[in-house]
Amino acid sequence: MAMAEPAAIRTVSEVLNAGRPARAGVSRSYWAGVRRRLARDRVTIVCAAILFVILAAAIFAPYVTWADPYKTSMIRRLLPPGSPNHILGTDELGRDMFTRLVYGGRISLFTGFMPVFVATVIGGTLGVLAGYLGGRSNMLIMRVMDVFYAFPSVLLAVAISGALGAGLVNGLVAMSLVFIAPVARVSETVATQVRNEDFVEAARATGARTWRILIEHILPNVLGPILIYASSLISVAIVLASGLSFLGLGVSPPNADWGLMLNTLRQSIYVAPVNAILPGVMIFVTSMCFNLMSDGLRAAMDVR
Amino acid sequence: MLSYILRRIAYALPITLGVTIICFSLIHLAPGDPLSAVLPDNAGPDMREQIKIAYGFDKPLPVQYLLWLKNVATGDFGLSIQSRRPVVSEVLPAACNTAYLALAAVLIGFPFGILMGAVAGYTVGGWIDRAVTSVAVTGVSVPHYWLGMVLVVIFAVNLGALPAMGMGPGGQSSYAFDWAHLRHLVLPAITLAVIPAGIIARSVRATVADIRRRDFVGTLQAKGIGEGRVLYHVAKNAGPTILAVAGLQFAQLLGGSILVETVFSWPGTGFLLNTAIFTRDLPILQGTILVLSIFFVFINLVVDVLQTFLDPRIKRA
Amino acid sequence: MTLAVVPENPRLPVSADPRDRGGPMQPMLLVEDLKKHFPIKGSLFSPSRAVVKAVDGVSFEVAKGETLGIVGESGCGKSTTARLLMHLIQPDAGTIVFDGDPVGVVRGIPVDELQRNMQMVFQDSYASLNPRLPIADSIAFGPKSHGLPKSEARERARDLLGMVGLNPRLFAERYPHELSGGQRQRVNIARALAMHPRLVILDESVSALDKSVEAQVLNLLVSLKDRLSLTYLFISHDLNVVQYVSDRVMVMYLGRVAEIGPVERLYEAPQHPYTRALLSSRPSMDPRRRVSVPPLSGDPPNPVNPPSGCRFRTRCPLAEAVCAEIEPPLAALPAFPAHKVACHAVAAASGHSGTAVPV
């Protein structure tokens, strides 16, 4: 009976590791893994590309548009998209739609980002402190947050900005207040979980000061979940900010964001339905891309 | 169980108080003197004095709050600046109209969302799942006030099939259940239902998929129990979570309807709020918000309590 | 309070540590009447007055250079004792004296100073390392937070990695999830040593490891102890491991000390019925000596409402009337002063009908 050549027998680890480079001392941090997974996610990349274009156009608005966003023209009112010189038509005062959509993006994106940023900083700090300190501090902070949480979010935003009066800044203040409570809740939950981990106990056992433990041990471990949650809020914030403008609670004319454009064009819906709907398309696309990107981020970060 | 319910109610009380404090401070948030916020523009000096005393603006803030709370508890929300009628008589009918619209949206959106989510959760990774997930993320991202406009363009402007405005023929707002009235409900209710349907579909999908992965489902299938019975077990386990999500979404509809009501000129709280904001009718603003948010707290309470009945694991000792 | 209670210990450190303050005869750690009662959460309307007496009057001492093993079932208060000593949770009552200096009192040793001298290694090797930090940073955190410059702290971390048998060039920049359980526990040991402690608490530190890995880590601990003249407090539920590493052993039951004594003595002539039950519950290597009846049945009683008198009486084969009335004090055996037992059946003139084992 012929024996198999010993050289032909491969061990399990050889089979499993075939074709893999041997790694020695090469180490992957958590964030490197996240980047790698994100780079493989096609939906996220497409969304990021679309958002990049919208964002770049908004930032460099004067360089990508050629009309004056405020120049009205009685004879050129509500031209349909595809008209000469006005690729997306004109609005009810004869202003170029494309130019106004690009300039409107500046305000809409800003009003989408800013409240989430403010709320993440304030709500995140409150929530992490409540979670880490526990006890009475937790009670005090979280009960106040519960009260804000007891309002439907749209209602609270409308109530505060309605009471403060119309205006960009008032809208931003109102929306920031709306998002603080949910961010604080998420942060508190995560911080409470992390605080009870052994590595925090071990850090406390070195006699290190509280702020050092918070910054070096708690923060890196709560930041991910908080940022994922905040990123999912951007989509909500853009829709809500435009909604406030749609109600006339945002910027004041002749400035316009997508929400206010939607509002003023609504009167012309029977005459020029396509023009009337265009600003909403922008809100929709932006909000959807942020949503999908947030989902992608969540998927990329949840894996250990 | 009973003690949990009692404790849950006890917990809702301070929250409700907090809510009233925020509603109370709304008037004081308003720029300028709170007095001029509640005064009609043409008020003379003696009327000014009169109202100052009537509203208690001459007293310190905590006292003002307590006086106001006492009035609110007895159903006195003050007078509307515009109509000079009691705020309650303006807010209550509007709140009923909003609840009517919200219920219609629930009837349309919730079964749809649950069905979509359950099917997707059963076929995780398949093309149905991907389709449902895409539809759901679209539903969650869409600005519903804009969707309302799109629906108006399609069904009212182009097809002329459904009305774009109001609650009934000739702008009347009565609850008649004939087609002439119900056709006014279709577009706003669908518009309002989109976001909760998307959110519910997503969480039902996640819940069902998670339960189907658990060991007990495998055990049931290994025992040769029919897929119908297995479905029953899955549904029983997913129930409490779905209830919680759906309850919260119903509550959010009350606030979310503001924008949709504006689009469709629906005579509800959103419409009332919108008018109040632009006429600076702060008592109406305050009253509407107070009624809606207390209703919101109440629904959350009911959902929590119902959940304890459905889910034996939640004893929350 | 008498501070100089010296247990008979043949293995006193030879070289004098410059940090030594109390002299070689002064115990490294003296614990007297340590207590921690956790309140059970009540609510607004039914404020609960029930408490879990996790640690209820525990006294012992640890001599310099020795290893004191602590054994007992889960829930007996071993880990709570460790956390109390580390001041991760605040004791309700009791005195802790570290090398002659009382902890946390005026003119005593402050808590952060104590934590520098006393470190702890936890059971769960994964949970006790920050998943977001390379392991060298985890080790360097302690010294860094006590003012050591970052580069020096990292240098020390690399040295320590080598000392616990991990090549710093390969391991320093790795993350915890890239290491095996045994390697992670070596990192945790290095992290504890980074503070240059004099006493290390090992709280079930090898319990979660595979048997072969466990032996390697145990040998590492033994050699580190000699090299760095450390003192160990070794907590485990594994009686064999405790026997292997300990000089003296303390048995705990429901938040109290049942018995304490030199390891050979305690394993050969256990006095407390609980200790005897624990020891006979060890699986025998000899199939002919298999035990079919469990020496201890049931779970320990609820620590919220422990039995009156002796806490072990509900499971004790020797329980008598006196056991329900009087709590037995921890008393030294007349013939072996280093061996202390809290049992009426052992103590003379306790009112119990007989002594179980001839002393």
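Cβ atoms are placed via backbone N, Cα and C, with glycine included.
Nobody curates TrEMBL annotations by hand; they come from automatic prediction.
Per TrEMBL, these features apply:
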| type | residues | note |
| --- | --- | --- |
| TRANSMEM | B:9-30 | transmembrane segment |
| DOMAIN | B:95-307 | domain 'ABC transmembrane type-1' |
| TRANSMEM | B:99-124 | transmembrane segment |
| TRANSMEM | B:145-165 | transmembrane segment |
| TRANSMEM | B:185-204 | transmembrane segment |
| TRANSMEM | B:242-264 | transmembrane segment |
| TRANSMEM | B:284-306 | transmembrane segment |
Do at least three C-beta pairs under 8 angstroms join the transmembrane segment (B:242-264) to the transmembrane segment (B:99-124), pairs 6 or more apart in sequence?
yes
To the transmembrane segment (B:185-204), which of B:9-30, B:99-124, B:145-165, B:284-306 is linked by the most Cβ pairs under 8 Å?
B:99-124
State the residues, same chain only, that lie 6 or more residues beyond the ends of the transmembrane segment (B:284-306) and have a CB under 8 A from a CB inside it; answer 'none' if no residue qualifies.
5, 8-9, 12, 15-16, 19-20, 23-24, 26-27, 72, 77-78, 80-82, 87-88, 90-92, 94-95, 98, 243-244, 247-248, 250-251, 254-255, 269, 272-273, 275-277
How about long-range neighbours of the transmembrane segment (B:99-124): same chain, 6 or more residues beyond its ends, C-beta under 8 Å?
132-133, 135-136, 175, 185, 188-190, 192-194, 196-209, 212, 238, 242, 246, 249-250, 253-254, 257, 260-261, 266, 268
